[in-house]
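As written in Swiss-Prot, here are the features:
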ACT_SITE  Ser25  active site, schiff-base intermediate with substrate
ACT_SITE  Tyr58  active site, proton donor
BINDING   Thr57, Gly73, Ala74, Ala75  substrate binding site
MOD_RES   Ser25  pyruvic acid (Ser)
Amino acid sequence: MLRTMLKSKIHRATVTQADLHYVGSVTIDADLMDAADLLEGEQVTIVDIDNGARLVTYAITGERGSGVIGINGAAAHLVHPGDLVILIAYGTMEEAEARAYQPRIVFVDADNKPVDLGHDPAFVPDFEIAGAAELLDPRIVAR
């Protein structure tokens with residue numbers, strides 16, 4: 001049996017641009033694509049933390065080091081500059097591979113620069129990591 005598993009996640013990235021008239025896709029900084037093991041043209045799900053919108057599109061490579069997260073095409077009606085998003089890619093694999101597979105989880109700072117790379121989808125970085133406090137849910141930070 002094939003299983004669809006979490007393969008890659010870029011957590012709480014800030015949308016930097018939206019272009020309604022582009023042909024579609026999401027533009028992602030090449031550094032983030034590498035960190036998350038995403039390929040150009042790979043299917044990604046975008047989850048907008050601010051408004052709850054979820055959509056499926058494909059990744060295109062943005063300028064390395066730019067921090068770009070650009071929403072292109074019709075998705076720009078749903079996701080806007082300044083919104084926090086989670087970018088997710090899934091992989092289909094045989095059960096034995098799925099049980100051993102470790103996804104790539106990338107936490108970013110307010111400028112979409114990686115601050116933590118890991119494999120545990122339930123992990124949240126601690127406060128010692130530069131910029132990590134901004135990544136946490138404000139309800140948790142207030143405790």
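Backbone N, Cα and C define each Cβ position, glycine as well.
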Ala74 (substrate binding site): tally of other CB atoms within 10 A of its CB: 13
Whole-number Å value of the largest CA-CA distance among Thr57, Gly73, Ala74, Ala75, listed as substrate-binding: 10
Cα separation, the residue listed as 'active site, proton donor' to Ala75 (substrate binding site) (Å, whole number): 11
Neighbour count (Cβ, 10 Å) for Tyr58 (active site, proton donor): 16
Rounded Cα-Cα span from the residue listed as 'active site, schiff-base intermediate with substrate' to Thr57 (substrate binding site), Å: 5
Cβ-centroid neighbourhood (8 Å) of the substrate site, Thr57, Gly73, Ala74, Ala75 excluded: Gly24, Ser25, Val26, Leu55, Ile71, Asn72, Ala76, Leu78
Separation of alpha carbons, Ser25 (active site, schiff-base intermediate with substrate) and Gly73 (substrate binding site) (Å): 7
Secondary-structure category, per DSSP, in which Ser25 (active site, schiff-base intermediate with substrate) falls: coil
Integer Cα-Cα distance in angstrom, Tyr58 (active site, proton donor) to the residue listed as 'active site, schiff-base intermediate with substrate': 5
Those residues of the chain, 6+ apart, with a Cβ under 8 Å from that of the residue listed as 'active site, schiff-base intermediate with substrate': Thr57, Tyr58, Ala59, Ile60, Asn72, Gly73
